[in-house]
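Read through the structure below, which is laid out as structure tokens, and then see the notes.
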Amino acid sequence: MVLVTSEQMREFDKRTISTLRVPGIVLMDHAGKALAEAALAKRPRCVVALCGKGNNGGDGWVAARWLRHQGVNQVQVVSTVDVSELTGDARTAATSAIAAGVPHQVYAPGQPLPPADVYLDAILGTGAARPLSGQLADLVSALEAVVAASGAWVIAADVPTGVNATTGEVAGPAVRAQQTIAMAAQKLGTAITPGCLYAGDVVVADVGIGIEPSAELAAFTTAADVRAALPHRGPQTHKGTYGRVGVLVGEMTGAAVLAGLGAARAGAGLVMLAGEERVQGAPLEFVQRLFRDDMASVFAQSQALVIGPGLGDGGGLPERTARNLLAHWEKPGVLDADGLRLLRQNGALQRLPEGQWVLTPHPKECAALLETSTEAVQARRLEAATRLARETGGVVILKGYRSIIAHPDGRVRVNATGNAALATAGTGDVLAGIVGGLLAQGADSFLAACAGAFLHGAAGELAGERLTLVSTLASDVVDAIPDAIGKAFHADLEEQ
Ligand SMILES: NC(=O)C1=CN([C@@H]2O[C@H](COP(=O)(O)OP(=O)(O)OC[C@H]3O[C@@H](n4cnc5c(N)ncnc54)[C@H](O)[C@@H]3O)[C@@H](O)[C@H]2O)[C@@H](O)CC1
Ligand SMILES: [K+]
């Protein structure tokens, strides 16, 4: 499913209105009706629509008129401006609602909101430009207070007010909605944190604006990515068909083993662990090699490398080997954990060949690379992921709830699979391994990152269902990969 920025949405709106000659008020009527239907589903006795001065407010006025038309007698509008100050379609929408008998009042700061079972947040949408202050900030606090006291339901029109529709940033007060009715397409800022935490359940309403798919649009990862990343397994294939993954073994050998298991379960034909010493307890199926002077020959047969899981920060041969590989390796690879640290040298970020490596930082690692704080990364995750991709040339998976996948060419995907079952040591190593396994099978780095993130999250969910969110271990996530792959192949094609 595509995810659009405010700017992209404005282009789609403009095209529908000026080229396809659909009047804006027609689109607004569909938007407001969808909002009204979402409210009606809660069977409310009383609805209050909070309306701003722009077209988002217009959606709220239309919704109020439809609710009244459909028999909700107690519906009223609390507007941030006097009706005389409204212009264009929002003015038309308000005029019709008032003619239909919808009572309205202008919000005065400090005033409590009238009681309701459902509040519609139509204060600001994609036109929001800066953090809320003054009257609007006050209105949002009044909503929060009345909802806390009454348990009323909040439905946001298009975007919860206070959430940046493009970046998901929440830089001031913001409405917490249980549901968001997205007009024509979900806005990117409601798919990623922190914005998604304010949007609740997002439902896309077809308001008559056609969204043409294009590479520039962000999207959620899907099971289709997994199907596309895994090659067809014909009867005459052999282990060489599915590639060899080389895993660099450092100080913590268990992490390298988990990465290797992830790669193997994701379908790599062969996993090779290479380190200073043999790894005791590694699966018998793994090939083991010791480092030699000519590292190139150790990994020469590998189609993809995984560097970082368990590498450690003690310097020494593994680290020298990793640096060497980073400088000379010409095939795809995954850089994780302590491997990422190697990208920042003498205060500068190393530039990698575009799209060759997949980087899998968690927010703290991303912050270290960008020389900023973890809080700053988490507040503006989209910016952090896209900047790291642009500056390093790597495909970035910025991990965490709703992982963001960013290609240096600007493509963005959001991964919605996964849950707290993955909040345990070693799951990051498994992700690095899965991505390495997909790379070895020939998936390009962006697809491998998208499919890998999806599969890893899905495996985490399945493991969590079986073993609880509390008790799932990274090795359980590995064990759930086969079922996650099976599920991806049986997923309903409509999701695409
Ligand atoms: N024809 C269209 O363009 C359609 C638009 N629709 C709705 O219209 C929305 C976009 O409408 P607009 O572009 O009018 O924008 P908004 O209604 O989101 O914002 C209106 C105005 O509020 C002001 N504003 C922005 N940030 C503010 C802040 N922090 N404090 C105080 N004032 C602030 C700005 O002057 C802005 O133009 C969409 O989100 C959607 O809900 C839908 O009705 C479908 C059709
Ligand atoms: K809104």
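Even glycines carry a Cβ here, placed using N, Cα and C.
TrEMBL entries are annotated by machine, without manual review.
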Of the candidates Thr16, Thr19, Thr87, Thr161, which one does TrEMBL list alongside Asn56, Asp121 as binding K(+)? Thr161
Could you look at Gly410, Gly426, Gly428 and say which one TrEMBL places alongside Lys399, Gly400, Tyr401, Arg402, Ser403 in the AMP site? Gly428
Per DSSP, three-state class assigned to Asp158 ((6S)-NADPHX binding site): coil
In this predicted model, what is the average pLDDT of the domain 'YjeF N-terminal' (9-215)? 97
Nonlocal neighbours by CB distance (under 8 Å) for Ala129 ((6S)-NADPHX binding site), same chain, sequence gap 6 or more: none
Using a Cβ cut-off of under 6 Å to any atom of ligand 1, determine which of the binding-site residues Asn55, Asp121, Thr126, Ala129, Gly400 qualify. Asn55, Thr126, Ala129
Out of Asn55, Asn56, Asp121, Thr126, His362, which of these binding-site residues is nearest Tyr401 (AMP binding site) by C-alpha distance? His362
List the binding-site residues among Asn55, Gly58, Asp158, Lys399, Gly400 whose C-alpha is within 10 Å of the C-alpha of Asp121 (K(+) binding site), in sequence order, or say none. Asp158
I need the least crowded one of these binding-site residues (His362, Lys399, Arg402), counting other C-beta atoms within 10 angstroms of each C-beta. His362
